[in-house]
Structure formats: C-alpha cells, structure tokens
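Please read the structure below before turning to the comments.
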C-alpha cells in the first residue's frame, strides 16, 4: 500500500491509474509481426492469472467456466467496467494491441478490485492482435457477445484490409461466437459504419437484430456512452452509426 | 552505418532463391520438376518427350515457380508462383487449358478431388478459387477470374490441401495456424464456415498431408513445421493426436556438423500403405554415396512404392548455373509388406530410376552436377526459407533506431 502511494502513476484521490502516464499512439499497425507471447491454443491460457476469484488454483488450467464476452480493441476499458457490474457472473476479456493501453486497463481493473471488494473480478485484459490470434484464445462457439467499438477507420482503400470488421475476418468471429451470439459494432465515421453494416449483411452467418430487440437489449445503450471514445464523440456532438448482428446457422 | 545494414537487407531480398519442387502423377504416368521459372515434365509412359503447349508464346512462367501439383484423378496439373500467374494444364496433352492472374504472388495450390475447382493462396493470405466447370481442354487456353474463398489474416499461406472426402479445405500459415474450412457447395461465394483450427505448432507450418487408413477413410491430417515437429491431427475437432520430434527420430542419421537447434520440416509424403510418413528436413545431411543430398521437395504416386526427391534452387548466387536440381528416387516402400522395414529403403542408382538417364537429363537439365553446388544450394534454400517465414527479431538497439527514424513522431519541445 505504502509503495502505491508513492507511485506517481496512481492517482492519490481515487486509487486509479492516471491516464497521462499511459499515453500511446492512437493507431497501431495490425499487419506487423507480433513480438509478444501468444498462447499456443485456448487450452494454454492460464485463467487463474486473469480471474483469481473464479479460478483459485494456479497452474492447473480449469475450463469449468469460460469467457463469454470479448471486447476487441477495448482501448481504456470503459465498456468492460460498465459490463462488469451489469453481468457480474459472466467472464469477459478485453483485447488491445497497444502495450501501454493494456497496462493501463490492467492497473485500472486491479485498482477497482481493491476499492470495490468482491466486484470487478470477472473482467480482464490481454495484449494481443485479435485480428491474428482470436482462435488462440477462444474455442469454437465459446463467445456470446463480441464488441467492436469505435475501431480504427483506415480510410485509404489500400488499408481497408486492416479494418477489424472485414468479410474474411467475420468467418473467424462466426467461428468463436456461439449460435445466437451477438456482435456489436459502433463508429462515428459514416463510411466505416456503412462498411461494417454491409460486411455483416452479406455474410451468411449473421443476421441483423430487429428494432425491438435492440430496444430491449441493455447492452446497446452502453455502446455509445460507456467507452472513452464514445464519450468524446458525445462531447463533440458527433453522430454514431451502429450495427448489431446475431450469429445464425447458415442456410445451405 | 545503420543505413547500410538496412540497405543490405533490402538487396538480399531482391535475389530470392526458390527451392526446386517435384510432383509425381498419381499413377506415375509422368514426373514434373520445377526449378526457378523452369517447368520440366518427363513422360514415363511414352517416349519421355513432353513439350508444354502454351499459346501465349512467351515462357510459361516468368518468375520462380512456388507450387506445382497434379490433381487427384491425374487429369490436371497446376503450376504457380512469383509471377502472379496460375497455369492449369491438362496432364495428358500438356496443353495449358486455363490461365488465371493473381493480384499477388502465389504460395500454394490445391485441386479439388473432383477436378472441378482449383484453389490457390497468395502472399496476402487470401485463398482464391477458380471454377473449372465447362473447361474440358478441347478449346485453347482461356483466361479465368478467381473468386476469394477465405483468408488468413495477412499471414503467408504455406500449404493447401483438400480432405480425402472433399468436404474440407485445409490451409496452413506462417503464424502456426492450420485452418480447416468446410468447402461449400457454391465455392465462388466464399467458404465461411470454419470447422476447426489445429493449434499446437510453435513455428511456421510448412507442409500438410493426409493419411488415410482402412479404419479411418476420412483421413488424419499430418503437418510439418519449422518447430521441427510433425504432428497428427483430427480435423473435425482440431485436436492434436500425436507429436513427433523429428530431431530425436533423425538422431542416428545426424551428421557431425549439427550447429543449430532446429531442423525445419520442409516436405512430407505418405507412403501408399499409409503407415509410414517420409519427412524432409533441413540441416540434416543425408549422405548418399558420397553426395550431400538435402531434399527440397518430396513426392510419390499412389500406385507405386517409389519416393521421389529433388534438391536444388534457382538463382544461386556465386555460381555459373542459374538453377540447379538433382533428382533421386528411393524404393522399398512397397505397399502391403509390413516387414518392409527389415530391408532398408534403397536409393536407386541413377540408371535404375524409371525413365533412366533420359528422365534425369530432362528433369535436372544435365546429368552431372557438381557436388559442391548442392551444399551451397542447400544453404541458400535454408536462408531463403528463414527470410520468408521466420519472424524477424530486432535487437532492442535496432528497434529503438527504427522508432527514432519514424517520420511521424512528435518532437518533444
């Protein structure tokens, strides 16, 4: 505790990490070779490190409870933290490519666990390139919700293949999502919004949620207000474009 | 000074060395060897002369060929490579029946079991499919467009295979992944349903092959990798059934000059009785009658007990030969003889190879090739493969340097 107080990266008043010490570049190239450790397969992920309260025994990899929500490109983790209290019994993970940002989220979750005993035990974060290594973390049909909030727009046509929602990557998302699982996307860039929507619409394993289903889903409301990026858009009075689709069994 | 280093690296990449490839017709009607941009075919049924008929006039391929393969029914042959052109040949008339242009360099090809679809993978990790319905080889070469089938996210695809029942298409990449995708009824709309991922390799996956046994006609998948293991998979679940450390198995054959820890598996071949698998590995030098022979590619046909091997490279720097190759044949893998291990597999003398000297002359370009060329060739292939598939590790100094020279960095104060 004493050590923490002298640590300038932790705010003295809230106990949370201070963002200014975790500044990172806004964009990261998803195509470059990754030099961080990647689990060989989903069975090689040690969940006791991520969720000590749910997996008390270290070392032995138990698969009684599986991660069900994944926030791809979680950024500073705003959505995870809102979801954590909304679904306290569901394990969820954030995936972020930028090292410093991941560190921030890690510290933030640890600090929240300390200040709110018993809470925020169900969320964690990993640094990884989710566009390359999603199958290394999740088994087939394991996830129930995937989030892609305010992804990098990559305007140039040459860079469209770097977009996190693309026709070919949707195949992989359809693989890790269980039937009935939901994919949530939102952006403040109209062009990207249209792109994500058209990718999902033309994919045979996804169908759009009906208007009343969107109304009834408590998570939809969080999309535009829970994340740091969303709050920024709201502050500037920007528009948002969302696409929410369900994983279905393809008709063939 | 550091600039120099980087430039040197760029230069090295210009001279890309391509390993020699070999493929054998399923009933051993013919044998094909590709070295560099040169495609050589020897007919074993007729008089041996095969001239490739390509109405484009120019050489069939303008750059290194990276993948060749016969179709399972022996009617088709496909060649493709760095010149971004996929050529589909009739394996009977050797007429080029279809030419497909690719946007990127091609790294792997596969032909569906019914011979109706050809798949090829490009350097961007996209697998494309060409529909051959309506092409019977009677008309002259047609140009076709390929449709994207699936993609690995920006990872070079090293190998493509159809499952024996034709239900799945399997693709392996340099990011340790093997993806098993259901081959759809309408492949031109893309293959979206992934059956499984086979995960377990810790380096690039270099080659794939299916093993079919009587008890398991669906077949098991066998993969070879840069982590010097050969692994056995069940593709419906993606589960790892067995791992073979090639280094340990090859221990007794090891030459004294073992300098590195890993021997990369570069080729796999299933022996027809399906209990033996031959693996070609780097580093290990198989000494055959005083010759150093490191096969760059393996092939066999389903009907005979012969294993064909080739070594060689194109664009070997520092030698007069633009491209060299050497073909060897091993017999003794005859099917349905469980005691075949008792008599060691035998490397055939050059004159005993089906087709004899004539074949060698055709496939190698010349009968005699200097021995020292091959040690150099083996070295060159190894470097080329490392450059291509192993991820570059920069020292922290170099990483800092690269960061410093990034032109988009904000200048502090």
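Even glycines carry a Cβ here, placed using N, Cα and C.
The Cβ neighbour count for residue A:97 (S-adenosyl-L-methionine binding site), using a 10 Å radius over every protein chain in view, is 24. The S-adenosyl-L-methionine binding site annotation in TrEMBL covers A:73, A:96, A:97, A:129, A:130, A:149, A:227, A:228, A:229.
If you look up TrEMBL, you'll see A:152 marked as active site. Reduced to three states, the DSSP call for residue A:152 (active site) is coil.
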Whole-number Å value for how far residue A:152 (active site) lies from residue A:73 (S-adenosyl-L-methionine binding site) (Cα to Cα): 9
Under 8 Å by Cβ from residue A:152 (active site), same chain, sequence gap 6 or more: A:27, A:73, A:162, A:163, A:164
Local backbone state of residue A:227 (S-adenosyl-L-methionine binding site), from DSSP in three classes: coil
